[in-house]
Structures are given as structure tokens and as C-alpha cells.
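Notes for the one structure printed next.
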């Protein structure tokens, strides 16, 4: 996550401390956002001569370019997904790679992007890269009931996945689901009363599932993890920050398998989470989990 007036980068000090014993020269930030983590690394480590900053969100990348302008030619920007990056040849291997997964506060707060259930009259888009791909609204209208249920179950871990899918298919027969309000109406009777009384909005997991599917986040993450092992220099470190179990589980599993295979070692034997103080200042960071893997030296 990145720094703007409405957005605070998560676990910054913890990220920086993982390189305290190093003088990184080449760094890759595959989710630069508006540049919060990038600014911290470039300021803390003058040794970084090349910082590759990429993001699939063109709006975020534009903010990053403005925010990081003061670092001049130390920063190189790329509009790319993890999959796009995997196809491009690397000019050099990296001492550090950072990925801050999920949706940012910038994206949530911009209601026109459709990531938030607060923007009733806004379209259900949810694309990280608005230049390509299908929208969440299109997903809700083209997939069969069984397919929608699978998405809600696997990507959102929504207990009411079957009822939600059934309600949406029934609703779309008489009205197109275009806006956030439409989806709320379609699922109005799905959730049990105790879910409606909780602080967490009952549609949270449905929105999460749709976002993951629309942006192919599971596929993108798999590509990133596999590519990062090639991109890292010997002794290089990969930091992944995740915000839900569907993101954290594959990272945890991949790191374990990589360690067993002799590719390197897990530096975060115990996952790093935000302190109470950080959560107090930035409640949205409460579910963040940081894991770090070090590629073995030759």
C-alpha cells in the first residue's frame, strides 16, 4: 500500500528492517501504488541505484511518478501486471522484491472504481487495470450459478456462497446488476440477521471474491512467486504483504516448498503483523501479514 493523503503504507519499518544488514543496489516494487514503500526504501537506502516500480493501475502509477519525482533516474516506472513482468527480460537481478497485495485505500476511496460497497450508484467495475479485462458486472451476468458460487466460496470464503449465487441469478432475470446498489438489492435476503449486526459489511467477502476473480489475482500471484525466484540475486529477499487468507496461504505454502527444495530460507518464521499502534492509526491494515524469503547464496 502506498502514501497519499488518504493512504498509508503498511508495515514500512518492518520492511526496511529486513534489509538492515544489507546495502541493496537493485530493487523491484511490483505494486508501487502511489509510492509509499518506494519513498521509504529510496530514502533509507541511498545504495539503491535502480528501483523498478510497476503497477497495473494506471492511476496509481501516475501518482507514483509525481510522488517519486524527487528521486530522479533512480526510479524506473512500468505499467504491468505480474504476468506482464514475467515475460519481460530482466536487465539485472534484484537484491529485493516487494509485493503489497490486494486493493489499496486509494482504490477503495475512489468509489467510481467499484471496489467499495459504499458507492451505491457507481458501476461494479473492480478492474485494477481499467484498460483491459471484464468488469465485475459482466461477471455477474455471464457466469452460471455454479460458477458464481465457486468464486464466492474459493476466493471469498463466503459461508452463504450458494445462496448468494442463487439470489444473483434470480435477480438478474428481471434486472441487470450494474451498480453497487443493484448487487445489494440482489443479495438483500441472503445474509442471516447476525451478519447484518456486525461492523463488517455482509458483502465484504462477496466483493473480495469478485475482485480476485476479475483481476485473476490467484493466477497473478502464482506467476509472481515463480518469477521472483528467477529475478532474485543470490541472497536477495522477497517480501510479500497479504491481506486475506486466500492471498497468504499460497505465499506461506510456496515459501515452505521453496525452503524444502533448497532454494533458500524463510526469514519470517513467524508471520509479521501490524502493531496495535499501527492499527490504531490505520485500521485498514489490521489484517496485513508480511512474509519474507531469502534466496540462497551461491
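Even glycines carry a Cβ here, placed using N, Cα and C.
All chains included, 27 other C-beta atoms sit within 10 angstroms of the C-beta of residue 37 (S-adenosyl-L-methionine binding site). Summarising the annotation, Swiss-Prot assigns S-adenosyl-L-methionine binding site to 35, 36, 37, 55, 82, 100, 107.
The number of other CB atoms found within 10 A of the CB of residue 82 (S-adenosyl-L-methionine binding site), across every protein chain shown, is 24.
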